[in-house]
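The feature transmembrane segment is assigned by Swiss-Prot to 4-24, 329-349, 358-378, 434-454, 484-504, 524-544, 546-566, with sequence analysis given as support.
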């Protein structure tokens, strides 16, 4: 989890904590080491090596004829995507997602041409290294959904790359089929080494935010997923068996899946600061291989959106025995927050947005209302606790005056706790409902930046709810400002911050509880936090800031309604009645009694120290 997300959690915690006081108080094989992961420069160099430089059949054997040819292209496609295949290396040359565009409203290509490279390393019978990228494949068959590319090694000896699409599916089946090549390859070759590289294009308007969510992700064969660091260059040697390796952007991914397992991998993620690309990922890995085995080696590529429900569906279809768990590509937070998103937020959001011409702004409003209604009992309980503390304020002030001075601090606290016990008030009661709401706020904080349903959806002045909206934008380089604010001001973020200040002001006008006296800096902190949140959330999705805005406005409305419904004079009368009853029958309140007893012992210890 990156530091910006952690900072976000801290900000949310402090806002909730402050309002609580205001309202109450985780060995690469030798061959892999010889063939390290491909960088863009090395790939360009390798592809630019003319085949004419190497003519000797001593190196290529019966594959030598396939080193000569002309690169041609063939296309397979369905309603969702178009894949161009190259006869040079038999690789996927480009992938276009038909239903999506980039932030410039141009066709969305995950990669094209030399932005990606793919190579399989074979060992010939005379122990020479053969790279699939050096050969020209023959087009054996081609239909709209399937293409067979063949690497010939003489009469009736070949290796086929079979690419298959399915209607309305982002998953590509890829089979490596060997036929009568036992005499062409080394019998000591027990693994196939694979190299894969891809540059990640900038697809979204908010580059820095997109960089934060672009991560090289991989899944262990029988375990959970892990990621390389997203904020800087990272290289990792993974000796464990892997199930898949994913090149993830904020909203789209390229995932390489093997039906058996990857033996190990060297993974490399490079952070590209400028230009049309944000990251460069490369992998050097291997899979088990038996030259005598005539069964096809099966793989899959997933080229598509990071849609939680779509990715989850692959574990319920023909790939369910693979236990892919591709949905974990979507960052939804740690276990508790992820559970809230999986079980509550995502189902409600999908239900609200299921249909044509859905207004996403209205959907977010309804989602906010549903969450607020679900949390209403906790909110009301917190308000009542705050009201009790407020009506007891005069009596608490009398205790403070009667037992003023540092030497009587323990007596003062003891008498205050005794008052709370007598009237049946626990000063901590108001904190618990606020704290119980925190997981929902953090879950939503994680959900909105990952919600592809918001992408390119407009609402009011925001053209795209998945990125920041722009009230003011500038190109002038202002010292220090871009680091903290970017080159724009988000109107939704500004309104959210103003609403938070209004909420703070409204509460501080009426809340006069002990917390403000014990923590005199808390009031200033609560006014300062919306300013900090403005700088922090200014580049976050407009959908998230819109949610925070209406959530804060609803909170203000709730507080106004609660004040009108709760008669503080009647509430004080009930507390006084409880006080009279407590003088007749001493009632144990658990926490309050333990706190009072602790203070009494502290007072006795203090007296003993003074006598010494």
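Don't overthink the numbers, they just go from 1 along the chain as shown.
Backbone N, Cα and C define each Cβ position, glycine as well.
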Residues sitting near the transmembrane segment (546-566): Cβ under 8 Å, six or more positions beyond its termini, same chain?
361, 364-365, 367-369, 371-372, 376, 379-380, 383-384, 387, 444, 448, 459, 462, 465, 492, 495-496, 499-500, 502-503, 506-507, 510, 537
With the transmembrane segment (484-504) as the reference, which stretch in 329-349, 358-378, 434-454, 524-544 has the largest tally of C-beta pairs below 8 Å?
524-544
Top stretch among 329-349, 358-378, 524-544 for CB pairs under 8 A with the transmembrane segment (434-454)?
329-349
